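Listed features, source Swiss-Prot:
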REGION    1-91  region 'DNA-binding'
BINDING   His38, Glu86, His97, Cys100, Cys103, Glu108  Zn(2+) binding site
REGION    92-165  region 'Dimerization'
BINDING   His94, His96  Fe cation binding site
Amino acid sequence: MSYTADSLKAELNARGWRLTPQREKILTIFQNLPEGEHLSAEELHHRLEEEREKISLSTVYRSVKLMSRMGILRELELAEGHKHYELQQASPHHHHHVVCVQCNRTIEFKNDSILKQSLKQCEKEGFQLIDCQLTVTTICPEAIRMGWPSTLPSNWACTRSISLA
């Protein structure tokens, strides 16, 4: 769904929440992001400060969490274990991310076979697919040229796996 201030207000009211000026401003920032750009709560807070908005970091965190739970924002786990957010798309807009663990450069890619295989596995196990995200951790060419280590930082570990065979 593409949210406007009015549709967001209706959605929030239906769930017992209010459309505060802070939430409206946060929605506006996400609506104006170029496609493929994601923001962490800290990056969002920095943008709000640049626009002279007086919104505390804790309010930003609470707002993005709420909007994520409501399906307005999509929560992504990208580089360094930080959560990033993007506006949820109306139609199935499954895409995946390649992330450099050294400089956090992120690119998006689409691969319908990943989604199809995920759906197949979910059906087999009796699960209902809600979202499909793949984050490929890499070292980008620029980081390699700069001589950054080509190993994962010690705080990185593959914590989830599923066999799609």
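Even glycines carry a Cβ here, placed using N, Cα and C.
Broken down with DSSP, the region 'DNA-binding' (1-91) shows 47 helix, 12 strand, 32 coil. Considering other CB atoms within 10 Å as the measure, the emptiest surroundings among the binding-site residues Cys100, Cys103 are those of Cys103.
Cβ neighbour count for His96 (Fe cation binding site): 17 (other Cβ atoms within 10 Å of its Cβ, all protein chains included).
Among the binding-site residues Glu86, Glu108, the residue whose Cβ has the fewest other Cβ atoms within 10 Å is Glu108. Neighbour density at the Cβ, taken as the number of other Cβ atoms within 10 Å, is lowest among the binding-site residues His38, His94, His97 for His94. Between Cys103 (Zn(2+) binding site) and His96 (Fe cation binding site), the C-alpha separation comes to 18 Å. Reported as a whole number, the C-alpha separation between Glu108 (Zn(2+) binding site) and His96 (Fe cation binding site) equals 6 Å.
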